[in-house]
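Asks: Sharing the features that TrEMBL gives for it:
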- 59-360: domain 'AB hydrolase-1' (DOMAIN)
- S163: active site, nucleophile (ACT_SITE)
- R233, D357: substrate binding site (BINDING)
- D327: active site (ACT_SITE)
- H356: active site (ACT_SITE)
Amino acid sequence: MTTTSPPRATSGAWRDGGPVGRRRFVDLGAVELERGGVLPAVRVAYETWGELNAAGDNAVLVEHALTGDSHVEGPSGPGHPTPGWWDGLIGPGRPLDTDRFFVVAANVLGGCQGSTGPSTPAGDGAPWGSRFPFVTVRDQVQTEALLADLLGIDRWRAILGGSMGGMRVLEWAVTHPDRVATAIVLASTAYATAEQIGWCQAQLLAIRADPHFHGGDYYEHGAGPETGLGIARRIAHVTYRSELELHERFGRDPQQAEDPLGGHGRYAVESYLDHHAGKLAGRFDANSYVVLTEAMNSHDVGRGRGGVAEALSRITAELAVVAVDSDRLYPPRLSHEIADAVPAAAVHTVHSDYGHDGFLIEIEQVGRIVANVLSGPA
Ligand SMILES: CC(=O)SCCNC(=O)CCNC(=O)[C@H](O)C(C)(C)COP(=O)(O)OP(=O)(O)OC[C@H]1O[C@@H](n2cnc3c(N)ncnc32)[C@H](O)[C@@H]1OP(=O)(O)O
Ligand SMILES: N[C@@H](CCO)C(=O)O
């Protein structure tokens with residue numbers, strides 16, 4: 001196997017941590033971080049579908065977005081608090097055809113669904129909390145490269161993902177061009193834009209201003225910063241949808257019998273956002289939200305590489321860039337910027353009324369694009 005960057009340190013023996021439901025765990029040892037320092041004893045949770053062939057050249061990596069996890073496909077159950085977030089994409093005869101492909105999905109470094117993150121124990125047994133280091137998208141990809149090594153995958157047949165997942169796809173293709181045959185980047189960008197960073201600032205402040213945040217060391221307290229996390233989700237969720245969808249779906253309707261003009265009642269859209277806030281606060285760790293949001297803000301494939309265009313020129317993979325036409329958070333111009341820098345890249349458009357979340361909702365269109373891109377030989 002060859003890599004284009006020197007391997008970073010790993011230490012300690014790898015071991016398979018055994019399954020929980022479909023989810024398996026590997027201990028990767030220590031991972032050196034881009035910003036300095038080392039994360040010791042990194043563990044990654046992952047799931048697989050299908051079989052790795054004898055040549056080891058049929059593996060596909062699916063990269064999840066901010067609040068996703070390794071459970072791309074299948075019902076909820078032990079180890080899987082939610083159903084698959086791209087349910088219908090993986091299986092025999094499906095776009096990620098398990099008769100052809102060995103599909104892998106891992107929970108991201110810094111996450112809260114089995115991989116090492118702020119809520120997992122540090123060496124002293126207490127959760128990392130505020131001590132968890134700053135990690136970048138490159139650190140996350142480096143961790144996935146170590147996982148690939150351990151799974152015996154020298155080169156991915158394809159890597160695909162949307163939003164924050166698309167950031168990791170691009171970083172893979174730029175950092176390890178010889179390890180990626182096909183890259184599919186959906187609803188994403190080569191760098192976090194000023195507006196994206198701006199929306200994230202408000203979300204981070206909402207979490208950090210929650211009195212239950214305790215600087216990130218809230219685990220030993222009874223309550224965590226659910227209110228701040230919920231406000232962050234409300235802000236983010238509006239950016240994930242389109243103005244027209246919200247208008248046509250909710251308009252100025254009150255929530256059932258509530259009276260918004262009375263000072264206490266809610267509009268239906270407020271109730272909808274309350275619902276999404278409560279759901280996320282019930283399933284996601286606020287510190288992970290902070291760590292992953294800061295990682296997204298750090299995203300810039302051009303950093304230290306002579307700029308974005310220079311970095312993208314390293315890509316040798318077949319590159320498909322997928323834009324959602326109503327996406328106001330990762331607008332289609334950002335997909336075209338990527339494609340413009342990679343002469344052989346193809347741009348595909350998903351038509352959706354739903355905005356950025358269209359990459360999760362428009363599963364049939366996404367599936368058709370994925371199947372089409374993967375229909376040929378590597
Ligand atoms: C199913 C899961 O949770 S998968 C978990 C992992 N998820 C991920 O990784 C991706 C993150 N997920 C998401 O971002 C979102 O859940 C999406 C994109 C999948 C949601 O997309 P959509 O299917 O369009 O759902 P939508 O935004 O319309 O929300 C539907 C929910 O809002 C609720 N809702 C709708 N209107 C209202 C209202 N006026 N008041 C209160 N709740 C409302 C519905 O009852 C429904 O609740 P439920 O999801 O608990 O059943
Ligand atoms: N709704 C998605 C969008 C992030 O891009 C998530 O929560 O992961």
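For all residues, glycine too, the Cβ spot is worked out from N, Cα and C.
Unlike curated entries, TrEMBL annotations are predicted automatically.
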Asks: Which recorded positions out of S163, D327, D357 lie by ligand 2, going by a Cβ under 6 Å?
Replies: S163, D357
Asks: Under 6 Å from ligand 1 by C-beta, which of these recorded positions make it: S163, D327, D357? Sequence order, please.
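Replies: D357, by Cβ distance under 6 Å.
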Asks: Specify the nearest of the recorded positions S163, R233, H356, D357 to D327 (active site), where nearness means the distance between Cα atoms.
Replies: H356
Asks: Roughly where does the domain 'AB hydrolase-1' (59-360) sit in mean pLDDT, to the nearest integer?
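Replies: For the domain 'AB hydrolase-1' (59-360), the model's average pLDDT rounds to 97.
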Asks: Near S163 (active site, nucleophile), which recorded positions out of R233, H356, D357 have their CA within 10 Å?
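Replies: Matched recorded positions: H356, D357, sequence order.
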Asks: Please give me the CB contact count at 10 A for the residue listed as 'active site, nucleophile', counting all chains in the structure.
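Replies: I get 27 for this one.
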Asks: Around D357 (substrate binding site), which residues of its chain at least 6 apart sit with Cβ under 8 Å of its Cβ?
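Replies: Once residues fewer than 6 apart are set aside, D357 (substrate binding site) is near Y240, R241.
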Asks: Within the chain of H356 (active site), which residues six or more apart in sequence place their C-beta under 8 angstroms from its C-beta?
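Replies: H356 (active site) has long-range Cβ partners S163, A187, T239, Y240, R241, V324, D327, R328, L329, Y330.
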Asks: Under a criterion of Cβ-Cβ distance under 8 Å and sequence separation of at least 6, what residues of the same chain contact R233 (substrate binding site)?
Replies: L273, H276, A277, L280, A281
